[in-house]
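**Q** Sending over a structure as structure tokens; questions will come in a sec.
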Amino acid sequence: MSASSLLEQRPKGQGNKVQNGSVHQKDGLNDDDFEPYLSPQARPNNAYTAMSDSYLPSYYSPSIGFSYSLGEAAWSTGGDTAMPYLTSYGQLSNGEPHFLPDAMFGQPGALGSTPFLGQHGFNFFPSGIDFSAWGNNSSQGQSTQSSGYSSNYAYAPSSLGGAMIDGQSAFANETLNKAPGMNTIDQGMAALKLGSTEVASNVPKVVGSAVGSGSITSNIVASNSLPPATIAPPKPASWADIASKPAKQQPKLKTKNGIAGSSLPPPPIKHNMDIGTWDNKGPVAKAPSQALVQNIGQPTQGSPQPVGQQANNSPPVAQASVGQQTQPLPPPPPQPAQLSVQQQAAQPTRWVAPRNRGSGFGHNGVDGNGVGQSQAGSGSTPSEPHPVLEKLRSINNYNPKDFDWNLKHGRVFIIKSYSEDDIHRSIKYNIWCSTEHGNKRLDAAYRSMNGKGPVYLLFSVNGSGHFCGVAEMKSAVDYNTCAGVWSQDKWKGRFDVRWIFVKDVPNSQLRHIRLENNENKPVTNSRDTQEVPLEKAKQVLKIIASYKHTTSIFDDFSHYEKRQEEEESVKKERQGRGK
């Protein structure tokens, strides 16, 4: 076949060019010079154009690659600028990836990414003898021509162009249908399942591999370093050596190494050790606080015994013994230092009398020596009543059984006290004083009755949860007199009273009685000097008179006597400093 006949048969869209340079009539070349390049196999595939035109359709989607081997003859560009030579990416063979390399930057990857007729991808600069003039034999780690043709194929992270990752030499036991480094990953996953660092150390390392075996090994060691890290310092030779060691040594080593040896979180046994040794590692101040709570709880447990004695035995003996035992109360003692400390240490949500405290309220120790005095009093004077209380009992008939609660004429008021100290002194001196507004209301009620009926006062301490007694108003209010015996000096005026009932009646016994003159609220939810209608007052008086009480302020009478003496001594000291 002659060159002229071939040129005449070319399509019109193609120029009179052949690969690797222009050919014209004037060059004087013979027809035989084109025989190696013009074979009959090129006729069925006339879709590709000259290789120098890298941006023609053959750059993107030619049907097939070259039909001849590059090893037949050396190439020449004919003086043209060196351009990369590309072939098609057609069918996949031998499991190689299908992608389009970047043609304009001369990557040393494969010339044709898809092999033809079972051959591997051709390298642009293979190190064979046919291309010895094009490059160095030691370039890009390609030692022999066989290795260049058999194992040098590229893997690109993207489907079109981009930076390519050089193909690596396959392992001895690695087939061509696996990407380089897959066996390394498989062995690394096996090492993770086994949970041992020995398998990771046997993983083969490939220099420059895209998936570095060193990183896998380090990850395996890091993931498995948590349990073995604690055993690494002793390094036993066999399992028998490990079994011969004490069982409790390894948790201790784990705890120390987990804290100071590494940055990893401590093993779960670390928390178990903390739970077991919480009492030893706790703050030192916690032990005194627990001891204080236990000491405070002791008089609380001792108080129910006098309660039982009061119910079964004679009231004076029981009341005296309880009065010696329970001594704390909310009103401030005369000593400011003790007051500030004790009130901060024990502030209940609701005030309850010390005798009725039980274990639910920790209002002990308003008096600095309350706990010690209660224990000493219970052992030293269990049967000796206070002389003042004995005198009061002899004069007054408290808690009478023949009380006439069915009133025909009379008025009843609720009295709310700030503290039981004032209740104690009201019983002791048979006097009372209310607020300025309360005094006017009580005085008007007393004067309105004019002896036609009694004026009863139902006493209750704020926040106590019970009524502590009933007294009868015996005189009008004297606004010009100041008693000077109350826990606070702000009260002015005074009137005489006579105490009839001295007992603790819980609010639960009276809560069902509602007052129509106070928004239909329970009688237990009343303010100071709140008047109770006569019919409702009869119900209240009946319940209080018939209620079988177990506690009263008489149980703490000795305690309040001592508090009063302390307050009087403090007042005298203040008066002496003021002079």
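Placement of Cβ uses the backbone N, Cα and C atoms for every residue, glycine included.
Annotated RNA binding site per Swiss-Prot: LYS416, SER417, TYR418, ASP422, TRP432, CYS433, ASN462, TRP486, TRP491, in sequence order, evidence recorded as experimental evidence. Residues or ranges marked as compositional bias 'Polar residues' by Swiss-Prot: 291-316, 372-383. Residues or ranges marked as compositional bias 'Low complexity' by Swiss-Prot: 337-349. Annotation source Swiss-Prot lists compositional bias 'Gly residues' at 359-371. Annotation source Swiss-Prot lists domain 'YTH' at 410-544. Sequence annotations record features per position, and here Swiss-Prot assigns N-acetylserine to SER2 based on experimental evidence. According to Swiss-Prot, the feature phosphoserine maps to SER2, SER4, SER5, SER22, SER39, SER196, SER359, SER394. Annotation comment: Swiss-Prot describes 1-45, 247-387 as region 'Disordered'.
Map these features onto the structure and tell me what's around them.
**A** Its own atom aside, the Cβ of TRP491 (RNA binding site) has 21 Cβ atoms within 10 angstroms in the protein chains shown.
Applying an 8 A CB threshold to same-chain residues 6 or more apart, the list for SER394 (phosphoserine) is empty. In the three-state DSSP reading, SER394 (phosphoserine) counts as helix.
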**Q** Neighbourhood of the RNA site (LYS416, SER417, TYR418, ASP422, TRP432, CYS433, ASN462, TRP486, TRP491): other residues with Cβ within 8 Å of the Cβ centroid, in order?
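**A** Going along the sequence, the neighbours appear as ILE415, SER419, ILE423, SER426, SER434.
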**Q** Fewest other CB within 10 angstroms, which one of the binding-site residues TYR418, TRP432?
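**A** Comparing Cβ neighbour counts within 10 Å for the binding-site residues TYR418, TRP432 gives TYR418.
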**Q** Around the Cβ of LYS416 (RNA binding site), how many other Cβ atoms lie within 10 Å? Please give the count over every shown protein chain.
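**A** So the number of other Cβ atoms within 10 Å of LYS416 (RNA binding site) is 19.
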